[in-house]
Structure formats: C-alpha cells, structure tokens
Ligand code: IMP
C-alpha cells in the first residue's frame with residue numbers, strides 16, 4: 001500500500017489537521033515527521049474542539065496507530081501534559097502512540113535559550129518564534145550534541161550522555177546567555193520519569209513503518225507548519241528549523257520514497273502568517289483586522305494574532321513544485337463570503353519586471369500583481385456539495401484551480417468534519 005502525505009502549502013495553519021482527520025478513517029498509521037510543540041493542529045468533531053501539538057491528530061480514530069517520527073523534536077514535559085489532557089477527553093495515548101528511538105528530545109534549556117534570544121533580538125533580528133525551543137533543539141541535533149529518545153532506555157547511558165551534553169550547554173547558558181546552569185540530577189530525574197511512563201513505546205519506527213507498508217498497511221504522513229516556513233524552501237531566515245516539505249517527510253519518517261503516492265497540499269482560500277517575515281499579499285491595517293476576525297485567525301499554540309492576506313498563486317505554485325503536490329485542499333472558503341470582491345495575487349513584479357517564480361531572496365521587495373474575483377455574499381458554511389455553492393464561489397474555486405494548475409480535490413466550508421466538499 002502507498003503512503004500519502006499532507007503538507008502545508010503556505011506558512012502553516014492551513015487547516016491540515018481537519019484533512020488529516022478526514023483521511024484518517026482510511027488510514028492505519030499516521031506519522032508526524034518534523035517540528036514539535038510549536039505546531040497547533042485543531043480538529044472539530046461534533047462541535048467539540050481538540051488541539052494537538054505533538055501527538056498526531058489521528059489519535060481520535062480508534063483504528064489508527066500514531067507515530068512520532070525521527071524528524072520530530074519531542075519535548076517530554078509538553079508531551080505528557082498533552083497526553084494527560086487527551087486522556088481526560090477519553091483518548092488512550094499510551095496504547096496508540098509510538099515514538100521513534102531516533103527522535104530528538106527537547107530539553108528545558110532549549111526553551112530558555114529560544115526565549116532569551118527572541119526577547120534580546122533587535123527588531124530586525126527577530127524571527128517571532130513560538131519560544132518552544134524548536135530551533136535550539138535542531139541546532140544541537142546538527143551539532144551532534146543532541147539527546148535521542150532511544151538514549152532514555154538505558155539509565156546509565158542516559159546519565160553519561162546528559163553529563164556530556166550539560167558540560168557544553170551549561171557553559172553556553174552561563175557565559176553567553178547569563179542563565180542558571182542546568183542541574184544534572186534534576187534533568188536526569190525528570191527524563192527517567194518520562195522513560196518509565198513511555199519507555200515501552202519508544203521503538204525503531206523506521207522498520208515498523210516500512211514493514212507495515214510492505215504488509216499493505218495504509219500510512220499517512222502528517223506535516224506540521226508549511227512550505228513557506230521550510231528551512232530550505234521557505235522565506236529564510238523567517239522560517240522554522242525543520243523541513244515541512246515532502247523531502248522532510250521522507251527523511252523525518254524513514255519511509256522509503258518508493259512508497260509515496262499522493263502529496264496533498266493544504267491551503268486556505270486566503271493566506272495567513274504568524275511571526276516576522278515578508279508577506280506579499282498581506283492586508284495591512286483595519287482591513288486585515290476584518291479578515292482576522294472573520295477567520296478567527298489567532299494562533300492555536302501561542303494565541304498570537306495571525307497576519308492576514310489574500311490568496312497568493314505564486315506562493316502555491318512554489319509549494320506545488322517543491323513538494324510534488326498532485327492534489328490541493330482549499331480550506332476556510334466560507335470566511336470569504338463577507339466580500340463583494342476578492343483580490344488574488346496572481347504574480348510578482350520586481351523593478352517593473354514580472355517574476356517567473358517565487359524568489360529565494362528579496363521577497364520583501366516584490367510588488368504583488370492582483371486580479372479581482374466577484375464575491376458571492378451568501379453564507380456557505382457547512383455546504384458539502386459543490387453544486388450547492390453559489391455560482392461566483394464555484395467560479396472562484398475553478399479559477400484558482402486553473403491559476404495554480406493543480407486539481408483541487410477537497411474544499412472545506414467550516415471547521416466540522418462534515419463541512420467538507422469532495423470534488424469529483
Ligand atoms: P519556531 O518554529 O518556534 O522556531 O518559529 C519559527 C517561525 O515559524 C515563527 O515565525 C513561528 O511563528 C512559525 N511557526 C512555527 N510553528 C508554526 C505553526 O504551527 N503555525 C504557524 N507558524 C508557525
């Protein structure tokens with residue numbers, strides 16, 4: 001059986017979790033492959049809202065096993081808190097979640113340093129991170145002084161590794177950041193507790209996944225954040241520290257590329273971004289505030305107001321190329337019902353010349369080229385059939401499909417599972 005991939009085509013928060021939840025009913029295993037507690041995936045079932053950060057959102061289906069892949073940075077404190085909350089809602093996380101023995105463990109000082117760096121940055125240097133320590137943990141992974149989940153399984157080895165790590169990190173904490181050193185015994189104790197609770201769930205998920213695929217199981221790879229936040233293909237340096245794109249899905253899960261079939265790109269019918277960085281289709285001022293309110297655009301992890309803008313064809317085309325997207329899901333189209341006329345960015349100009357693609361540099365200098373589409377001014381929330389949409393709304397969807405050159409397979413008209421149009 002193939003593996004399918006759900007990837008964010010914008011700057012995150014596209015509504016991936018709703019689509020993952022929708023696809024979960026035909027899936028055996030769901031894998032998170034990058035990011036960490038910076039993600040906030042919201043699923044609404046029967047009017048009840050669930051927000052996931054580290055645990056794959058497929059947990060709410062009985063039939064699925066959830067895997068935290070080797071590319072994730074796992075914060076044990078956040079994870080246990082999320083498990084406790086989910087257990088209160090009746091989901092047995094311990095029986096359903098497997099953790100890769102190669103995934104990196106996010107330690108308390110990663111969070112501290114992230115916070116200090118963000119607070120201390122000049123306005124020009126600020127990234128606007130979630131302050132969850134994500135970049136610091138990935139940096140240590142690359143510096144080869146990270147701790148991996150498999151290291152928790154042998155307490156003697158854990159203590160030795162922690163001692164080596166703290167020898168380096170404590171110097172950094174004290175000398176560069178003027179922070180308190182981390183106490184080895186305290187950290188060892190809390191990680192030992194995590195290992196006592198979750199140790200049996202830590203396995204080699206790379207073989208688990210490839211064996212499962214070979215046996216015909218259906219696997220869904222769940223991306224966090226989005227293409228615009230990809231460390232290589234996004235708007236560097238205003239990005240996260242991992243690869244949400246399809247290459248990252250393979251590296252971060254160990255699933256062989258031979259199994260990958262559909263790459264489903266998720267995009268809102270408009271655009272949002274949290275944190276700093278260029279945003280060509282951004283709506284500034286009061287008009288931006290109107291869209292923010294209409295869409296309820298506040299971060300599910302940090303509560304920060306999201307910056308809002310119009311749909312950006314050039315950006316989505318970039319995501320299609322980089323990820324190999326063959327199917328698009330368009331979310332939150334109901335939010336646009338308010339408008340008489342809907343602008344869409346159809347390209348960029350730089351110094352009077354039309355660009356042929358999304359630039360790797362200088363996005364802040366481009367001038368967006370707009371086209372206008374007629375609004376429909378009818379409430380379409382909850383509509384689940386394309387034919388029942390107002391003609392102007394159908395025309396908006398068809399025009400976007402034509403402009404991006406890729407099939408729109410699903411349209412979402414509201415937060416609930418049922419508010420979904422499957423296009424034929
Ligand atoms: P970090 O991932 O916390 O290091 O933050 C880096 C950038 O990615 C910041 O602009 C964050 O706002 C953004 N970011 C991280 N996670 C998400 C997400 O789940 N949705 C939207 N933006 C995110």
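Quick reminder: no glycine exception, Cβ is built from N, Cα and C everywhere.
Predicted automatically and left uncurated, TrEMBL annotations should be read as such.
Positions annotated as active site, proton acceptor by TrEMBL: 13. If you look up TrEMBL, you'll see 41 marked as active site, proton donor. Per TrEMBL, GTP binding site is recorded for 12-18, 40-42, 306, 332-334, 412-414. Look at TrEMBL and you will find 13, 40 tagged as Mg(2+) binding site. Annotation comment: TrEMBL describes 13, 14, 15, 16, 38, 39, 40, 41, 130, 144, 225, 240, 304 as IMP binding site. Here TrEMBL flags 300, 301, 302, 303, 304, 305, 306 as substrate binding site.
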Indicate the candidate from 18, 41, 304, 306 with the smallest number of other Cβ atoms within 10 Å of its Cβ, considering only these recorded positions.
304
Using CB under 6 Å from any atom of ligand 1, narrow the recorded positions 15, 41, 300, 305, 333 to the ones that qualify.
none
Among the recorded positions 13, 300, 302, 306, which ones place their C-alpha within 10 angstroms of the C-alpha of residue 42 (GTP binding site)?
13, 300
Find the shortest Cα-Cα separation between residue 305 (substrate binding site) and the binding-site residues 15, 40, 225, and name the residue that gives it.
40
Intrachain C-beta neighbours of residue 413 (GTP binding site), sequence separation six or more, cut-off 8 angstroms:
333, 334, 380, 381, 382, 383, 384, 419, 420, 421
So if I draw a 10 Å sphere around the Cβ of residue 12 (GTP binding site), how many other Cβ atoms end up inside it?
28
For the residue listed as 'active site, proton donor', the three-state class that DSSP assigns:
strand
Let me spell it out: for each of the binding-site residues (42, 130, 300, 301), count the other Cβ atoms within 10 Å of that residue's Cβ, using every protein chain shown. Which one has the most?
130
Considering only the recorded positions 12, 15, 41, which fall within 10 Å of residue 301 (substrate binding site) when distances are taken between Cα atoms?
41
Max Cα-Cα distance in Å among 13, 14, 15, 16, 38, 39, 40, 41, 130, 144, 225, 240, 304, the residues listed as binding IMP?
34
